[in-house]
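Input: a single structure, listed below in structure tokens.
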Amino acid sequence: MEVSKIRIHDLPEEERPRERLIKNGPESLSNAELLGIVLRTGSREENVISLCSRILMEYNIKQLSLANVSKLMQVNGIGKAKAAQIAAVFELARRLETFVEEPKRKISSPKDVYTLMYPKMREQKKEKFITLYLDTKNQILKEEVVSIGSLNASIVHPREVFKSALMESSASVIMVHNHPSGDPSPSREDIMVTEKLVEGGKLLGIDILDHIIIGDGRYVSLKDEGFVK
């Protein structure tokens, strides 16, 4: 059988481009193999790597990145779907070149947390427990919803809070939840959950900076209340 007609799935697994990328990284693949992973399938006459090799003989990478869908469809074996896939990949690459990451938001006080979170939580009909994961400069790395529903120790487990903290290499955590009643006064359950998480953070070397309870136009800081030490 001609090499160009051998299907990729007929190759030994260790020779397939996708499996090699996973094992050895994308830099280990040729341009044709990388493009083949994007297109996934070839044509009746040739496998995807043979097709991509032929495409790259007609266009170099720069030319390919500038070709529109109509131009790409002039290549034998390239229909609308494959042309769109190629155009989409290069458009993403162009957008990456001009991408500017927004500066991370810094938290300096409980009021900063309230200002950030109140618009997101004021219309909530159920209690929502959110964690803010911070770096060493108190800049937000990630915001994550941990639970929805009445706050209690069985729902908000330290494992759920600190799993993301460890994955994000967070230096500290701020916890936030709302009281749909509008009264931000902490319940006994709020205090128990806070104390449990503070102790868990100490074991892992991750500081719990505060637990903010948001009500109707006001908030309570459990650190200011003396429950976060």
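Heads up, the Cβ atoms here are built off N, Cα and C, so glycines get one too.
Annotation comment: Swiss-Prot describes 106-228 as domain 'MPN', evidence class sequence analysis.
Here the motif 'JAMM motif' (177-190) returns a mean pLDDT of 94 for the predicted model. What Swiss-Prot records for 177-190 is motif 'JAMM motif'.
Among the features that Swiss-Prot reports, Zn(2+) binding site is placed at H177, H179, D190, with the record citing sequence analysis. Just so you know, the Cβ of H177 (Zn(2+) binding site) picks up 24 other Cβ atoms within 10 Å once every protein chain is counted.
Counting Cβ atoms from all protein chains shown, H179 (Zn(2+) binding site) has 21 others lying within 10 Å of its own Cβ.
With DSSP states grouped into helix (H, G, I), strand (E, B) and coil, the domain 'MPN' (106-228) comes out at 39 helix, 36 strand, 48 coil.
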